[in-house]
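Undergrad: This is the structure, below, for whatever I ask next.
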Amino acid sequence: MKRLKNELNALVNRGVDRHLRLAVTGLSRSGKTAFITAMVNQLLNIHAGARLPLLSAVREERLLGVKRIPQRDFGIPRFTYDEGLAQLYGDPPAWPTPTRGVSEIRLALRFKSNDSLLRHFKDTSTLYLEIVDYPGEWLLDLPMLAQDYLSWSRQMTGLLNGQRGEWSAKWRMMSEGLDPLAPADENRLADIAAAWTDYLHHCKEQGLHFIQPGRFVLPGDMAGAPALQFFPWPDVDTWGESKLAQADKHTNAGMLRERFNYYCEKVVKGFYKNHFLRFDRQIVLVDCLQPLNSGPQAFNDMRLALTQLMQSFHYGQRTLFRRLFSPVIDKLLFAATKADHVTIDQHANMVSLLQQLIQDAWQNAAFEGISMDCLGLASVQATTSGIIDVNGEKIPALRGNRLSDGAPLTVYPGEVPARLPGQAFWDKQGFQFEAFRPQVMDVDKPLPHIRLDAALEFLIGDKLR
């Protein structure tokens, strides 16, 4: 009888143990590394002070234990959890070093099911959770698959106004007079491509988000490869599309076209076939605050980047993405990060603003039956809330330490617009977002957070039932 029960248990084990591959990405400086570090830290400390009341399995005391286990794919770098934790608990505390490529960490979550049928056969189940971190810049490359070289060139050069126009001056000067039909000059093309890469790096340093091709700023082991030595044709209209289309692969324009096609076919498709195809759930982190600080060009650039990124999540049967990869993602969460960098009364506005930015995608996802949500969170809470008296008026404020020099600050950053800001908002410039470093924290206690448990409930809660 005991042997029969053991065999039945083993059979049920195979039936109820679950595997979930969660992808984490975000626009530049959105806090991906801090998010994953904090999420893992909370789960590993469910019996040591973790605050996760919104995760139903914890609230109902059904999550029995969590441990790290070896990842299945030995070819993917390990996520630097321990290193990130050491930085957060350091003296002085620091934000974790951002990751620059794909990395992964794997957890086993042991839980009691509240499913009556499963409970009848088995006391506990296990969820194997694989958390995969990858750069948002790579996701932003996906729309290139729906373009040819000349249409992509038009889009890129069409952005070169305002500050982008200033920052691209060297590239435009170097590409001046380049003959599309002349025999390919590889050295000159490499030099001009380097100038385009410098321009993209400058855009990223200045807080812009729409950067293509994404691998140019995060090349990894592809640094110096000809696949990363192309750039948009600078003056499509001057030469005319028909003439440029005639350029064979041994000409300047032809070689750039060939490299663009190779990049799309091998690099972009390769990433999505090897990684994205295997994701079950996806969270996209967005920092809405820094662009509000930087001005209308930075904010509109973030909006453009999100619009492009959303093209990656159009799940309709007829879309390019569906035809190529048949993705299985069934839940998509957008999170406005750094909720601790604004006062509590502005949290709802943060979420509302992000909802406005992704409204079209939300409608598409709902139509396709994809479960999608939007929330505000702070992976690691860096400030405390309080009330200050200003000329007899009590207003909410934040206390923390400034990121640049650690100086203590008490500030009211201002109001976050609940809708896409118009010219009146920019004219007033009443919002002043300050970057904070992490608080000094007790190494024996889990990291403080805001609504990280709400994100966990949406992303994995149904798998722990």
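Glycine is treated like the rest: Cβ placed from N, Cα and C.
Straight out of Swiss-Prot:
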MOTIF     26-33  motif 'Walker A motif'
BINDING   Ser28, Gly31, Lys32, Thr33, Ala34, Trp95, Thr99, Arg100, Lys338, Asp340, His341, Val380  GTP binding site
BINDING   Gly31, Lys32, Thr33, Ala34, Trp95, Thr99, Lys338, Asp340, His341, Val380  GDP binding site
MOD_RES   Lys249  N6-acetyllysine
Undergrad: Which one of these recorded positions has the most other Cβ atoms within 10 Å of its own Cβ: Lys32, Thr99, Lys249, His341?
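TA: Of the recorded positions Lys32, Thr99, Lys249, His341, the most buried by Cβ count within 10 Å is Lys32.
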Undergrad: Taking the Cβ of each of the binding-site residues and counting other Cβ atoms inside 10 Å, which one has the highest number: Ala34, Trp95, Lys338?
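TA: Sorting the candidates by Cβ neighbours within 10 Å, the top entry is Lys338.
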Undergrad: In terms of Cβ proximity under 8 Å, which residues at least six beyond the ends of the motif 'Walker A motif' (26-33) contact it?
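TA: For the motif 'Walker A motif' (26-33), the nonlocal Cβ contacts are 80, 84, 95-99, 133, 136-137, 204, 207, 209, 211, 284-287, 290, 302, 305-306, 309, 337-338, 379.
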Undergrad: Relative to the Cβ position of Thr33 (GDP binding site), how many further Cβ atoms are located within 10 Å?
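TA: Excluding its own Cβ, the number within 10 Å is 24.
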Undergrad: For Thr33 (GDP binding site), what is the secondary structure by DSSP, using just helix, strand and coil?
TA: helix
Undergrad: Across all the protein chains here, work out how many other Cβ atoms are within 10 Å of the Cβ of Ser28 (GTP binding site).
TA: 24
Undergrad: Among the recorded positions listed here (Thr99, Lys249, Lys338, His341), which has the Cα closest to the Cα of Thr33 (GDP binding site)?
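TA: The answer is Thr99.
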Undergrad: To the nearest whole angstrom, what is the C-alpha distance linking Lys32 (GTP binding site) and Trp95 (GDP binding site)?
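TA: Roughly 11 Å, rounded to the nearest whole number.
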Undergrad: Which of these recorded positions is closest to Lys338 (GTP binding site) if you go by CA atoms: Gly31, Trp95, Lys249?
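TA: Checked the recorded positions Gly31, Trp95, Lys249; minimum Cα distance to Lys338 (GTP binding site) goes to Gly31.
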Undergrad: Give me the count of other Cβ atoms within 10 A of the Cβ belonging to Gly31 (GDP binding site).
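TA: Counting Cβ neighbours of Gly31 (GDP binding site) within 10 Å gives 23.
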Undergrad: Quick one: pull the CA-CA distance for Ala34 (GTP binding site) versus Trp95 (GDP binding site), whole Å only.
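TA: Rounded to a whole number, the Cα-Cα distance is 7 Å.
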Undergrad: Distance check, please: Cα of Ser28 (GTP binding site) against Cα of the residue listed as 'N6-acetyllysine', rounded to an integer number of angstrom.
TA: 35
Undergrad: Widest Cα span across the GDP binders Gly31, Lys32, Thr33, Ala34, Trp95, Thr99, Lys338, Asp340, His341, Val380, in Å?
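TA: Between the most distant Cα atoms of the GDP site, 22 Å.
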